């Protein structure tokens, strides 16, 4: 086992804070409407230019082991926030840095770190409550567009595209982001359905970049039982192979010899097949298979209606224009089902929604309507160069997550204002059990100004002046860094999803507390560089060459 370095107390924390600062300083330059770009090196091809906090954080690995530990913990804040809320990664990183920086001073002054942590937790709980109280539901398409624009770094066209997409497929509809073919971004709505089952074997993948299997113009076989014997499938496979088209098999389970044979045929390129499990369970599974059958114009092969696998003809199979199968999702795009049949099915499910007694059943039925009627909206991102396209696509994906979060939990005033108002509302209400906990509460209430300060710094303003001006105002009064003016943030359309602000604060405090309560760090000791092999004598004698009378 390699030797380890163990570092204690103040020295350990100081090295860790250096790492936190390096990562946070690189991430926070992207915050706000006047945030800058960060260029990331790629091992091949052009560098990536981004204004997305989590993309920057993910790239950072530091040489110093102890600094790197601090940086990796803050990276966790960014990626956790990205996973939960889809946006707010830069805000979370800035908050984490501020809490660590303030907290570090207190710990150095001899305050108990565990009590400090308890104080931080109390303050965060109170602030989250205030954020929830201040939250306002998003109802209009305009508000959704505003949330999207802010998240896409003040790009109004992106916000509008997302709002249009949500209008067309409904708030429960499926929205995907793809590379466009032209300079402008555009919205494409495709009839389709998504369900939460992915491929049964990774060997079905034919698009390694997206880690998915794409089938163009495939047949769809729907079977309500397990398939383990390949002989049952052979008649269908032979007919599909003759037609020269791919096949998607949706069954309760495909296992053993049947799955192995399908995989081998796919790898050898004899037949393009993908197998997935049927979505749902029990009666719901039957209903969803029936939905897919109606959407694709096929039949569910079930013994109770007198159909068996051996007797299947191509007429019994559904068809679609394209099917994408990922690790956890399958999207059927442009099924061949008759519009009248789909409409009748939607009506039937809507009647069931009215009769449903439990909220859970109602929610599941509404999901089915969204899948049958909603379709899939595809946002095609256009740009002049591939580098710009990647950067823009990342922003569109961020904005999409933010708008979903806004629909879920509502919105608060953006630009760091909601946090300041929550701070004012909490004021002196929250008390710790002792002076050390009070210090933790005070620390969070000071650190919470950091996002607004950073937005102002990036816009070239004087942070303290702006923070005091905003604190002097009331309600949604805040600072618009895009044009250096003050006003009502909601009226100006500067909104943040409550979920994003809340998640950023909670994750930042959680990781910052861990850093502050650290007392020792263990890392691999740096390897000693061995000297030149073979014990060569030193060349000191060469210095006398000056006297050779040259």
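Any Cβ shown, glycine's included, is placed from N, Cα and C.
The model shown is predicted, which means the values in this text are computed figures rather than measured ones.
Here's what Swiss-Prot has on this protein:
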BINDING   30-33, 51, 87-91, 415, 480-482, 496  ATP binding site
When you measure from the Cβ of residue 496 (ATP binding site), which residues in the chain that are at least 6 apart have a Cβ under 8 Å away?
88, 147, 150, 402, 411, 412, 413, 414, 415, 418
Check each residue in the chain of residue 32 (ATP binding site) that is at least six apart in sequence and keep those whose C-beta is under 8 Å from its C-beta; list them in sequence order.
415, 454, 455, 456, 458, 459, 481
Cβ distance under 8 Å to residue 90 (ATP binding site), same chain, sequence separation 6 or more: which residues?
27, 28, 30, 31, 35, 53, 78
Nonlocal residues around residue 51 (ATP binding site), in sequence order (Cβ under 8 Å, 6 or more apart):
30, 35, 36, 37, 38, 153, 391, 395
Entry from the binding-site residues list 88, 415 having the most other CB atoms no farther than 10 A:
88
Here are some binding-site residues: 30, 481. Which one has the most Cβ atoms within 10 Å of its Cβ?
481
